[in-house]
Each structure stands twice: as structure tokens, then as C-alpha cells.
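*Asks:* The structure is given below, and queries will be raised subsequently.
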Amino acid sequence: MTSFEAQQETFDCSEYGNGSCPENERSLGVRAAMYSLMAGAIFITIFGNLVMIISISYFKQLHTPTNLLILSMAVTDFLLGFTIMPYSMVRSVENCWYFGLTFCKIHYSFDLMLSITSIFHLCSVAIDRFYAICHPLHYCTKMTIPVVKRLLLVCWSVPGAFAFGVVFSEAYADGIEGYDILVACSSSCPVMFNKLWGTTLFVAGFFTPSSMMVGIYGKIFAVSKKHARVIDNLPENQNNQMRKDKKAAKTLGIVMGVFLLCWFPCFFTILLDPFLNFSTPAILFDALTWFGYFNSTCNPLIYGFFYPWFRRALRYILLGKIFSSHFHNTNLFTQKETE
């Protein structure tokens with residue numbers, strides 16, 4: 001994501017410059033360090049989420065409604081790492097967009113779509129955990145595979161329609177003085193939000209779903225506390241299931257918290273920037289964008305830390321065991337984890 005000031009600093013658009021990139025003031029060592037850090041994040045994002053995708057798709061034991069949502073969220077993070085972060089890395093390090101205006105809009109549309117898609121997925125996961133913990137008797141009838149597929153359709157279609165519609169219609173730039181001049185600069189990537197669409201993006205794309213998530217998880221943990229007081233008096237099989245559901249909710253709650261921590265500064269800056277006459281420093285805007293990207297890097301690390309089955313699946317994938325016939329029926333859970 002770019003800001004208006006970032007474009008002004010990169011190009012002398014007010015005087016219709018020749019569209020060439022300015023000389024990069026960063027030393028070779030600084031650029032090498034930036035490339036190394038960002039490339040490392042990209043590798044972890046792509047590889048980690050690819051492992052999650054393969055694991056849930058391959059092992060039959062993981063074919064549950066909850067994991068179907070997690071699988072789709074991993075696809076979102078994988079696409080961000082594969083299609084968005086590499087081009088953003090070049091732009092951030094070189095201080096220039098080399099890929100043209102049309103691809104700039106496509107890139108930004110996917111960037112915006114995937115970030116909103118992530119939060120929609122987290123809302124869906126929160127709903128899934130709500131029924132599993134707060135209404136366990138109705139979970140199997142409420143969160144069926146067809147219901148999850150409809151949720152996923154909403155998670156992908158609504159952010160996609162919003163992102164591509166707003167960016168390609170250029171409604172986001174209505175009333176921004178100098179925008180047409182920025183477009184005339186061939187090497188710029190002039191995407192910024194006016195007051196109306198900056199507010200709309202923040203409220204509809206971040207604040208509202210985030211508030212819903214926080215409210216749902218608040219209810220989940222309140223119910224979990226009540227369950228903890230009576231859990232010892234329940235039958236063993238019901239006791240074990242409630243413990244597993246609570247642990248899953250805790251892990252996914254951490255995923256939600258990391259997402260909000262990583263993306264709130266960027267979305268909040270998009271909200272404030274037009275009210276501050278687009279005065280956000282370019283380096284700050286870029287740093288906040290990458291802080292948001294790093295959320296997709298963190299997710300597979302969180303899964304690896306909290307889910308032993310993820311680590312086992314990774315080992316099986318690296319050893320090539322998934323190419324053996326019938327290996328997809330392998331049990332990924334130990335006796336202790338199923339109790």
C-alpha cells in the first residue's frame with residue numbers, strides 16, 4: 001500500500017517529470033539487508049502456508065469444518081506471499097514502482113482484497129468456535145461443510161468485489177488534488193484513499209469485523225470459564241472434547257490477536273492520512289504495510305508452536321511420505337492429544 005506523500009517524494013509530478021526513478025539514497029549494504037529480511041519473510045510465508053495447505057488437503061483426519069476455514073485462510077496468506085510481497089519488496093527497497101500503472105492497480109487490488117479476506121476468515125473461524133464451545137449440541141448441525149463453503153464464498157467474493165471495484169473505478173481518489181498528475185507519471189503507483197473511502201475501508205473492512213471477532217471471543221472465553229468449573233463432573237468423552245475445543249479457541253484467538261496487532265496501524269493510517277492532508281511519511285507508511293504483511297509470516301509459526309500435528313505433517317512432507325499410497329489415512333494425533 002502506498003501513500004500520496006510517498007509518490008510525491010519519489011517523483012516530481014507537480015512539474016510533470018519524466019517518470020524516471022530518482023537515485024536510490026540507500027547504501028548497498030542497507031538494501032542488501034532489506035532484501036534479506038524481506039526475502040526471508042516471503043520464504044517463510046510461502047513455505048509455511050504451503051505446508052498448511054498440503055497438510056489439511058492431504059490428511060483425511062484434518063478434513064473438518066474448522067480446518068477447512070484454516071485451509072482457506074492459509075491460501076490467503078500464501079497468495080499474499082507469492083503474488084504481493086515480492087513486488088512490494090522491490091518497491092520498498094528501490095523506492096520505485098517498475099511495473100506500470102495497470103499492474104499497480106491489479107497489485108493493489110489483490111493486496112487490499114487479501115487483507116480484508118483474512119479478517120473475514122477470522123470472523124468465520126470465530127463463529128465456528130462460538131458454536132463449538134457455547135452451543136456444542138448444535139455444532140454438528142450449524143457448522144456443516146455446506147455452511148462453511150457458503151461462508152468461504154462470502155469471505156472471498158465480498159472483499160474481491162470491494163477491492164477491485166473501488167480501485168479500478170478510482171472512486172477512492174475522487175476529490176484528491178493532483179491525482180491526475182500523479183497518474184501522468186509513468187513510473188508512479190498512485191493509489192491513495194480520500195476521506196470517504198478511507199473511512200469506509202476502515203469501518204467496513206477492519207473495525208466492524210474486528211469488533212465482532214473480539215465480542216465473539218469474549219463470549220467464548222466467558223463460557224470457557226464456566227465450563228472449567230464443571231468440567232471434572234462431565235463424562236470423560238465430553239470432558240476431552242471440551243478441552244480440545246477450548247485449546248483450539250485459544251490458539252485461534254492468538255492468531256486473531258496477532259492479526260489485529262499487525263494490521264491495525266496500517267488501516268488506522270489509511271483512515272487518518274486524508275484528514276492530515278496526506279502527510280504520512282513515506283517510510284512510516286511502508287513500514288506499517290510490511291508490519292501487516294508479517295502477519296501472514298507469523299501464522300504458520302503460530303500453528304507450528306501450538307499444533308503438534310502441524311509439526312508431524314511437516315516432517316512427513318519433508319520425508320516424502322505423503323507420496324506413499326494410503327498414507328493420507330495416517331493418524332497425526334498422539335493418544336494424549338486425543339484425550
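A Cβ is built for glycine as well, from the same backbone N, Cα and C atoms used for every other residue.
Features from Swiss-Prot:
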- 1-36: topological domain 'Extracellular' (TOPO_DOM)
- N18: N-linked glycosylation site (CARBOHYD)
- C21-C185: disulfide bond (DISULFID)
- 37-57: transmembrane segment (TRANSMEM)
- 58-67: topological domain 'Cytoplasmic' (TOPO_DOM)
- 68-88: transmembrane segment (TRANSMEM)
- 89-106: topological domain 'Extracellular' (TOPO_DOM)
- C104-C189: disulfide bond (DISULFID)
- 107-127: transmembrane segment (TRANSMEM)
- 128-150: topological domain 'Cytoplasmic' (TOPO_DOM)
- 151-171: transmembrane segment (TRANSMEM)
- 172-195: topological domain 'Extracellular' (TOPO_DOM)
- 196-216: transmembrane segment (TRANSMEM)
- 217-251: topological domain 'Cytoplasmic' (TOPO_DOM)
- 252-272: transmembrane segment (TRANSMEM)
- 273-287: topological domain 'Extracellular' (TOPO_DOM)
- N277: N-linked glycosylation site (CARBOHYD)
- 288-310: transmembrane segment (TRANSMEM)
- 311-339: topological domain 'Cytoplasmic' (TOPO_DOM)
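Tell me about the surroundings of these features in the structure.
*Replies:* For C21 (disulfide bond), the Cβ neighbour count at a 10 Å cut-off comes to 14, with all displayed protein chains included.
Across the topological domain 'Cytoplasmic' (58-67), the model assigns an average pLDDT of 92.
In the three-state DSSP reading, C189 (disulfide bond) counts as coil.
Only residues 6 or more beyond the boundaries of the transmembrane segment (107-127), in the same chain, are considered here, and those with a CB under 8 A from a CB of the stretch are 1-2, 66, 69-70, 72-73, 76-77, 79-80, 83-84, 87-88, 99, 143, 148, 151-152, 154-156, 158-160, 162-164, 166-168, 189, 191, 201, 205-206, 209-210, 212-213, 216-217, 220, 252, 255-256, 259, 263, 292, 295-296.
Here the transmembrane segment (151-171) has Cβ contacts under 8 Å with residues 68-69, 72, 105, 108-110, 112-114, 116-117, 120-121, 124, 127, 191, 197, 201, 204-205 of the same chain, all six or more residues outside its ends.
For the transmembrane segment (252-272), the list of distant contacts is 1, 3, 115, 118-119, 122, 125-126, 129, 193, 198-199, 201-202, 205-207, 210, 213, 217, 220-221, 280, 284-285, 288-289, 291-292, 294-295, 298-299, 302, 306: same-chain residues at least six beyond its ends, Cβ to Cβ under 8 Å.
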*Asks:* List the Cα distance (Å, whole number) between C189 (disulfide bond) and C21 (disulfide bond).
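*Replies:* The separation of the Cα atoms works out to 12 Å.
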*Asks:* Is it true that the transmembrane segment (68-88) and the transmembrane segment (196-216) have 3 or more CB pairs under 8 Å, sequence gap of 6 or more?
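*Replies:* By the criterion, they do not touch.
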*Asks:* Looking only at C-alpha atoms, tell me how far C21 (disulfide bond) is from N277 (N-linked glycosylation site), rounded to the nearest Å.
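*Replies:* Just about 24 Å between their Cα atoms.
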*Asks:* Restricting to the same chain and to residues at least six past its boundaries, which positions have a Cβ under 8 Å from a Cβ of the topological domain 'Cytoplasmic' (58-67)?
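*Replies:* Those are 125, 128-129, 132, 143-145, 147-148, 248, 309, 313, 322, 328-333, in sequence order.
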*Asks:* When DSSP states are grouped into helix, strand and coil, how many residues of the topological domain 'Cytoplasmic' (58-67) land in each?
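*Replies:* Tallying H, G and I as helix, E and B as strand, the rest coil: 7 helix, 0 strand, 3 coil.
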*Asks:* If H, G and I count as helix, E and B as strand, and all else as coil, what does DSSP give for C21 (disulfide bond)?
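*Replies:* Going by the DSSP assignment, C21 (disulfide bond) belongs to neither helix nor strand, so it counts as coil.
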